[in-house]
Amino acid sequence: MTDVPTPPAAGPPPDRCRAAPRTEAEAVALQESLRSLLVRDESGPPADGTGTVAGVDVAYDDARDLVAAAVVVLDAGSLDVVAEATAVGPVPFPYVPGLLAFREVPAVLRALDRLDDLPDLVVCDGYGVAHPRRFGLACHLGVATGLPTIGVAKSPFTFRHDDPGPARGAFSPLRDGAEEVGRALRTRAEVKPVFVSAGHRVDLDTACAHVLRLTPRYRQPEPVRRADRRCRDALAAAVAAGAHHPA
DNA sequence: GCGACAG
DNA sequence: ATCTTGTCGC
């Protein structure tokens, strides 16, 4: 029997999306496997101020083997916080460039599980398809949840780009060789750009449109700023409560 | 072989 | 990510 092509986006995310590799080689192999589930032909939720947008971020205390994740959901129009959740646990994987998802995604999934209602879009602090194997953090989280995701990073990783014009909204392509894998997008005039890439079920134009709507004042998207603050608070609270996972 | 290297 | 004082500017 010949295998029938697997219809992406259909049905619940397979269990291997939550698999915990023990070695770098296993992690790389898992990324190459999960990559086939990534949906890149949807434009994504419209960036018109409707619906909800969540920001996710993670903070660490490696000495205590603690990771804290936060998800903060905002109304896409008013940017008011409508829900939030956190999760704390042991650090599942060391930091290895290109394998960040295995360090961050497990705790983020537990935080998302605690929400009553899922958001229409998730903004990640890191990359989507701008990744050595085209499967960065935002792609991994998207495939694992089925939700539309985008990546907004603060540094260009290994990719090349020209400096965008000085005005807010100016952008230039972020390239891996000749391929455009994302964009350097200026979210504040005269301020260092952020690096936007598509994750799961969202295209690059729509991703950038969302990022501009989510940055009325600061360089980083409001949902991510809020999540950054919340995960740091959650980590501090866990440490204060004596939570730790020593060897 | 030696750097560079999202968070 | 995290360690960390002061300093410049709106």
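Every residue gets a Cβ built from N, Cα and C, even glycine.
Curation plays no part in TrEMBL annotations; they are all automatic predictions.
Since this is a predicted model, take the numbers as computed values, not measurements.
Under the three-state DSSP scheme, A:D125 (Mg(2+) binding site) falls in the coil class. Per TrEMBL, Mg(2+) binding site is recorded for A:D57, A:D125.
The annotation compositional bias 'Pro residues' is assigned in TrEMBL to A:1-14.
Look at TrEMBL and you will find A:15-25 tagged as compositional bias 'Basic and acidic residues'.
Per TrEMBL, the feature region 'Disordered' maps to A:1-25.
Sequence annotations record features per position, and here TrEMBL assigns site 'Interaction with target DNA' to A:Y95. Cβ environment of A:Y95 (site 'Interaction with target DNA'): A:R103 lie under 8 Å away, each six or more residues apart in the same chain.
The residues of the compositional bias 'Basic and acidic residues' (A:15-25), classed with DSSP into helix (H, G, I), strand (E, B) and coil, number 6 helix, 0 strand, 5 coil. Sequence-distant neighbours of A:D125 (Mg(2+) binding site) (same chain, 6+ apart, CB under 8 A from its CB) are A:G55, A:V56, A:D57, A:V58, A:L137, A:V152, A:A153, A:K154, A:Q220, A:V224, A:A227, A:D228.
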